[in-house]
Amino acid sequence: MSVVIDKVNGEEELREAPEELSDKDVSDSTSTDNTWEDSSEFHRQMVIGDGPSGEEEAVIQSRLATYRDEDVTAESWRAHRKHVFILSEAGKPIYSRYGNEEALSSTMGVMMALVSFIQSGDNSIRSIYSDDHKLVFVQQGPLVLVSVSHTLQSELQLRQELLYVYDQIISMLTQASITRIFERKKNYDLRRLLTGSEKILDRLLNLVESDPCFLLGAVRCLPLAASLRDSLGTLLQKAITPNLVFSILVAGSQLVTTVQEKTVIEDCRLEPTDLHLLLNLIGATSAFQTGEIWTPICLPRFNPDCYFYAYISYLDSECTVCLILLSTDKDSFYSVSDCKKHIEEGMRTQNYLQALSSGLKSPSYSVGLVGVPDLRHFMYKPLDIPDNYRQLPQFTSPELEGPYCSENERHRLFDLYHYLHDRIHSTSRPLRLIYHVAEKETLLAWVTSKFELYTCFNPLVTKAGAINVLTKLLRWIKKEEDRLFIRYPPKYSTTPNPGKGSRGPRTDGTENGFFGGGH
């Protein structure tokens, strides 16, 4: 994408944005060219926000079941805005977002032929552009992932989506296992090991293009009184057992608190991608709502070759408050289950569950709390995180309100955010500040060493007015940061069982030597 300094398509760009913003910094914007922002072709299946409600989730799953049986020769199949395909190096179909992958075997064969042809010249294919389509290729080991899109998402954004899909597969099988399988048999049908996981990948693909968590590479925390969050962290901190390395409390798909073992903090941290994949797996699998679950799970960004053993249990009858305990010991179910009992007992005794349930009745907050009428919405990601705490990158945003009450309007706003994010993070000519005027709203994206901020204003706001709003917004966030973010996550220390430490060697996919390959 070509980027020109000065006035382009109703927006103003600054590459070296100041830490303090003034009216002069955005003084020469235009507001005439709005062709991109107001295109009527944008249609997404989910809304920006905290994820689908139970009713929305049921509708989505019904649609996906229909798409699975869709006729791949029909015009409706061709009309989808984005397709995702997964195949092996041997051309074996593994997954298709729409239609049955077996019916698409010849199509995937053509894709693999393109990959092989380019490889024969000691090159690798990255993308193909036609008039209104992008084909983006990602090869990870023996797997080839392809996105065919006629959206306005950038190649980099499509590539990131494919990497999320790949990581979700790794989370279920591990990279080492997949590599070993295809070394033994190059034409192996990986669908044998992924049977039933299609809805997990389907759900992920709906989320990655509609949930700002994925766009910003951060987790959303449940807005909560700092004293309550600290008390919950202390409760998790005290419920420990050897080889327990992560304790995570989630409510309504939002992070309440997380505690890491000290050794883990020294070596590496839990990445947002890993938590997103874990929560997607839990959200897509109804079996997790039935009781105590003990299952192997790989965290690809932590270590793609090893399993953790995840204890997953909902603490309330509505299945909204979920406790996730990750251990490196496959035989520690009963000791980890005891930790859960201590946590659950403490939460009930102190009425913490009731407090969380009250918080979930209004899981976000109104932009009106900021106290500035021109501001419609914002997304804020702090970047000045103390490195010694190694906590998850986080972000906050208010609930979407009018005029973004309809699904189409929410989709349109998220497309605008997606576009601004791509301009800010361009690999060739990144920007620090964009003032962007659309027909129905004005937006401003701003990145400094301390934060990343995307704001949406009413269309009549002046530059001076926008600067004034930003000043008030940043003051409000600073005042509320203890409620909106986990600033100083607690940690604990456990004593590994002899011979089963977190740094012990692994011999196969069920043993763990985590930290040798951590990131």
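Cβ atoms here come from the backbone N, Cα and C positions, even for glycine.
These come from TrEMBL:
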- 1-42: region 'Disordered' (REGION)
- 8-27: compositional bias 'Basic and acidic residues' (COMPBIAS)
- 82-204: domain 'FUZ/MON1/HPS1 first Longin' (DOMAIN)
- 243-343: domain 'FUZ/MON1/HPS1 second Longin' (DOMAIN)
- 375-481: domain 'FUZ/MON1/HPS1 third Longin' (DOMAIN)
- 489-519: region 'Disordered' (REGION)
For the domain 'FUZ/MON1/HPS1 first Longin' (82-204), give the DSSP counts of helix residues, strand residues and coil residues.
59 helix, 28 strand, 36 coil
Per DSSP, the domain 'FUZ/MON1/HPS1 second Longin' (243-343) contains 34 helix, 35 strand, 32 coil
For the domain 'FUZ/MON1/HPS1 third Longin' (375-481), DSSP counts of helix, strand and coil?
40 helix, 29 strand, 38 coil
